[in-house]
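Here the structure is laid out as structure tokens; the discussion comes afterwards.
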Amino acid sequence: MDKIQKDINDALETTRKWNPLLMIFAMPLYVFLLIWGSYFPKGVLRLASEAGHDPAIPLTSMVTQLTSVEKGLIPPDSFFGFLFLFSLLCFISFYIISKRNRIKAYLLTQILQLILFVIFYYSWFIANLYFIPLVAIRIVYWIGFVLSLIYFIYIFVTKQRARKDFFASLNIKKFLNVILFLWLLMSGINLFTHGLNHFLAHLLLALLPISPILFGLFMVSFLKSYLVTLENLNAVNKNQEKYREEYGYTIEEWYGKKSKMYKEHVKKSKKR
């Protein structure tokens, strides 16, 4: 089974299982968890940062204050509430569309999820910045984040996804040396700012500032593979009959019993 057929199977099987109960109970929960996963880390660390150093709250001694410019780039809480309602309405509309066009409905679902994944990526990147006390290092990470988005847009526009993956060409030894250097650097900073108090904890926490690098590499690779699925679904959506006949799907399997295409097919069959 090639990649296009796998994507088609996923689209048809997923949309076939959609029903009113799923939309009423499971879908709101799924959307809530996805958006909550974007909001919670950033929200908790922001509150800890704004609380200042409070011995009663151990987390406050581990986070740092962001600059006013960085704070201005953090989405307000109301944004996530709006995003939840918007996403929920979109999924409901996609469910309605699936009754007539399963491939299109699944394609729209994947596009919306891609947007949510990018927001998830951005929110976790912001959350990790609270563990980086040096503004200079945060600036470097901001540059890396922007470059990762530019790279993502580049491969989307130029369709360079068939080339060798970044992870396959990565020099593991050099990469580990960079990670080790950054870890030792952050450990030294923690030792200088906090002394020997909770030394082991701060030694382990020194790994957190490195996490944006690993997380960024993972997300870029994930989004890159996600684009392949979107490209396949978009091609199938533009010429559905060609792919339906090529892979041997019936009209009922492809469009569903409530679709216009299936009803017309039944009418033609009766006339014969």
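These residue numbers are counts, starting from 1, taken along the chain as shown.
Just so you know, glycine gets a Cβ as well, placed from its N, Cα and C.
Those TrEMBL annotations? Automatic predictions, nothing curated.
Under the heading transmembrane segment, TrEMBL lists 21-39 (among others). Counting residues 6+ beyond its ends, the transmembrane segment (21-39) has Cβ neighbours under 8 Å at 77, 80, 83-84, 87-88, 91-92, 95, 116, 119-120, 122-124 in the same chain.
For the transmembrane segment (79-98), the residues of the chain that approach it from at least six positions outside its boundaries are 15, 18, 23, 27-28, 31-32, 34-35, 38-39, 104-106, 108-109, 112, 116, 119, 256, judged by C-beta separation under 8 angstroms. If you look up TrEMBL, you'll see 79-98 (among others) marked as transmembrane segment.
What TrEMBL records for 105-124 (among others) is transmembrane segment. Panel annotation: around the transmembrane segment (105-124), residues 10-12, 14-15, 34-35, 37-39, 41-42, 75, 83, 87, 90-91, 94-95, 97-98, 145, 215-216, 219, 222-223, 226, 229-230, 233-234, 237 of the same chain, lying at least six beyond its termini, place a Cβ under 8 Å from a Cβ of the stretch.
The transmembrane segment feature in TrEMBL is assigned to 130-154 (among others).
The transmembrane segment feature in TrEMBL is assigned to 175-193 (among others).
According to TrEMBL, the feature transmembrane segment maps to 199-223 (among others).
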